[in-house]
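Listed features, source TrEMBL:
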COMPBIAS  548-557  compositional bias 'Basic and acidic residues'
COMPBIAS  687-702  compositional bias 'Polar residues'
DOMAIN    516-655  domain 'STAS'
REGION    544-570  region 'Disordered'
REGION    640-702  region 'Disordered'
TRANSMEM  23-42  transmembrane segment
TRANSMEM  48-68  transmembrane segment
TRANSMEM  132-152  transmembrane segment
TRANSMEM  158-177  transmembrane segment
TRANSMEM  211-229  transmembrane segment
TRANSMEM  249-269  transmembrane segment
TRANSMEM  297-317  transmembrane segment
TRANSMEM  337-360  transmembrane segment
TRANSMEM  372-395  transmembrane segment
TRANSMEM  401-420  transmembrane segment
TRANSMEM  427-444  transmembrane segment
Amino acid sequence: MSIVLDYKSPTLREKLLSSKSSWFRSSLSYILGFFPILQWIHRYNLSWLFQDVIAGITVGLLLVPQGIAYAKVANLDPQYGLYTSFVGVTIYCLFGTSKDISIGPITVVSLLVGEAITKVTEAHPDITGPEVAVCLSMVCGVITLLMGMVRLGILVDFISGPAIAGYMSGSAITIGLGQWPKMFGMTGVDTHQAPYLVFAQFFQHIPTTHIDAAFGVTALVILYIIKFGTGHLAARVPRLKKPLFFMGIMRNGLIVIIGTLLSFLLNLGKDKSPFKIIKEVPAGFDAMGIPHVRMDIITESMGVLPSIILILVLEHVSVAKSFGRLGDYDAKPNQEIMAIGASNIIGAFFGAYPATGAFSRTAVMARSGAKTPLAGVFTGCIVVLALYVLTPAFYFIPEAVLAAVVVHAVSDLVSGPAYVMELYRTSILELIVFLLGVGITCFVDVETGIYVSVGLSLAIMLLRLARPPVLALGRSPLRSQHYPTMEIEAPSADQHYIYVDEMDPHFTKVLEPLPPGMLVIRLTDSVLYPNAGHVAEKLTQLGKSRTRNGDGNRDIKSLPWNESTDSSMNHHRQPLLGAIVLDMTAVHSIDTTGLQALGCVRTTLERHAGQTVEWHFTGLQSERIRRDLLTFGFGTWGDDQDEIEPSSPSSIGQAHALGMSSLPPPPPLSAHHHHHDPQQSPYSKADSISPQPRYPNATTNMSPLRQQFHRGSIHQKVGQDEKAIVESWRSAAFMEHDVNRFSSRNSLYDPMEMDIDPYYASISVSSDPHDQLPTERYPCFHWDVDTAVRTISDRWHQKKMKAYPYFGV
């Protein structure tokens, strides 16, 4: 049961005055929020240090071979991958909110950077690849930093999972195909063209396969054996789970070390290597300096730049949020985007190219037990150690082994058949987005695949927003579980209904007709300007198709030119439209265009019916929606507002359902309560409230249900002193006039289970309509559909009895 506090919305002036007092505090919190490390660094301890060191070293052993391999994908020398690896993991701890994220080079961004380098160097031969990479890092860093500062992280939520999976799978296939010629030592294959052409050329150049294939294919097979073998053994031999885990995550480093040792032994005493090796790698940070941002680089990269930024943000935020949920901590998307920006801006001074959080390294960091973002600093230490100590050994690393490492890494990015079947069972549209993302990426290029996937994802979102279903509801009686086949001859006060889509095949055989002239319609989304016209059209169509025209003299000649004569003439036996019940449970917002559309529908249907049509609303989600509907003339009876005194929708059947009919009547108040002496009370005569004189007939106009609530009031205690009664009535007056009442969204609830007095939760203590409950002041708003239908039926019955007093005799 949900309790709704019905209150008046604060004015703009009140909001400004409230925010003015906290402006300084909010500004200080905003500035300090740029450095989340300040919130936890003072609590850092030795236990956290030990876990961070282990996790950092473990990820470092994985990152070094990946950084070298991914740099080759970006058409850069190996050291640039290490520069990118060092800066990202080291700087992130100052700005990040995730303890598991490992920022560094990733395959998709490396591929896009490689394409940008190729385009720029072909157009401007005087520009080198590292200059392009550094410029892209600076530009991407500035843009993402500004995005985070202005809190644009919400934009990530507009891109669906299938769109991301589509272009990620296509990119993984593209990268893998691009590395196969290198793994086999082939020459003459242009890996910069469309993936399907690379695939075709690969088979054309099989005769050029070199001895490199022995290194590459063997390395790839060993990587998969270690991956699946360690997982299988860990499940069968639990005591070996931890050593097998570390062996599995270090498989890339192990295969690079083994391949380097073999390469060194085979090249002893030879002037030229029989297979391709990466050769000399400069020690230290050889590319440090002030980055040069050139407009010609930005101009030539404009086609690739947006896709790089998109991948940086999407990959990082999705990984941070996923591991935040797994680790039960809050990763803030806007701050994470700022962390990407800061890392890439600083990385540009070290010669790095654009970097972001990687899923594989983040998973290893989490499983290694990292406690804080400071674990990345220890990962950076391993990278620095490799740059200054291990660069002589890097000379003999076979390129085929690095290609095998890349192919093995990107295979995890391809969505498998299980994911495709999941999309097929849940949403064909999202399956189409996924397949188009994969297909266009493989047959055109990566950036086009990204743009198409994201564009289709946004188009589907807008389509669903602009065309929400508008459902006509039927009612199915709730039957006793002991007598499921019991038939009820006629509706009674004890019979309740559930209201379901009348087209639902599960209910078609048990639906009962609604009262003639009444429509119950469910809106399944907010009514905003993109869908207002569609909702209005559906409402009008439902209203006209299920009721007859109010003009009884209308013939075929008077029909509009575009109206079917068959459909119009077959409606003469249908009832006149008298009331529409809108189930607004799913409507969380309604703008001016939506309100105007509802007003137009009301005018159209009243002209069609030839009489006033009542509009009732159920399940309103906020006071603001009700206020807006009232502004446009909804919520009251209409032209006969005073004909029947409005009351809270209830019935004797509901009272019996609550089991409250057996409550004893209230004992009379003692004479002590009838004569209040202001001199004996701390309240002044003006402020004193005497319950008996002011409310002599509090239950006169109550419905039977509310009379039962009144009898069950906890204020019927014998011996209650005068001051307590006065305080109670003053509290009730405050509740009625200032807080504007508590109400329940469920019409069948037990007020005794609430912390408030059931009397004050249900009774209005004044005949002034401004002092009544919301359901009394505005009798066309209801908590549920069943209550609304009962209220309309009772009202129509009372009007009929008033018009024909001998009707029921």
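Using N, Cα and C of the backbone, Cβ positions are placed for all residues, glycine too.
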For the transmembrane segment (48-68), sequence-distant contacts whose Cβ falls under 8 Å of one of its Cβ atoms, 6 or more beyond its ends: 78, 81-82, 84-85, 89, 102, 104-105, 246, 249-250, 252-253, 256, 278, 360-361, 364-365, 368-372, 374-383, 386, 390, 394, 397, 402, 405, 409
Chain residues in Cβ proximity to the transmembrane segment (249-269) (below 8 Å; excluding those fewer than six residues from its ends, i.e. six or more beyond): 58, 61-62, 64-66, 68, 215, 219, 222-223, 226-227, 275, 277, 364, 367-368, 393-394, 396-398, 401-402, 404-405, 408-409
Interface-richest range of 158-177, 297-317, 337-360, 427-444 toward the transmembrane segment (132-152), CB pairs under 8 Å: 337-360
Interface check, the transmembrane segment (211-229) with the transmembrane segment (23-42), three or more C-beta pairs under 8 A: no
Cβ-Cβ under 8 Å with the transmembrane segment (401-420): same-chain residues at least 6 beyond its ends: 65-66, 68-70, 72-73, 107-108, 165, 168-169, 171-173, 175-176, 179-180, 182-183, 215-217, 219-220, 223-224, 227, 252, 255-256, 259-260, 278, 359-360, 431, 434
Segment-level pLDDT (mean, integer) for the domain 'STAS' (516-655): 80
Cβ contacts under 8 Å made by the transmembrane segment (427-444) with residues that lie 6+ beyond its boundaries: 160, 162-163, 165-167, 169-171, 173-174, 194-196, 415, 420, 450, 452-453, 456-457, 460
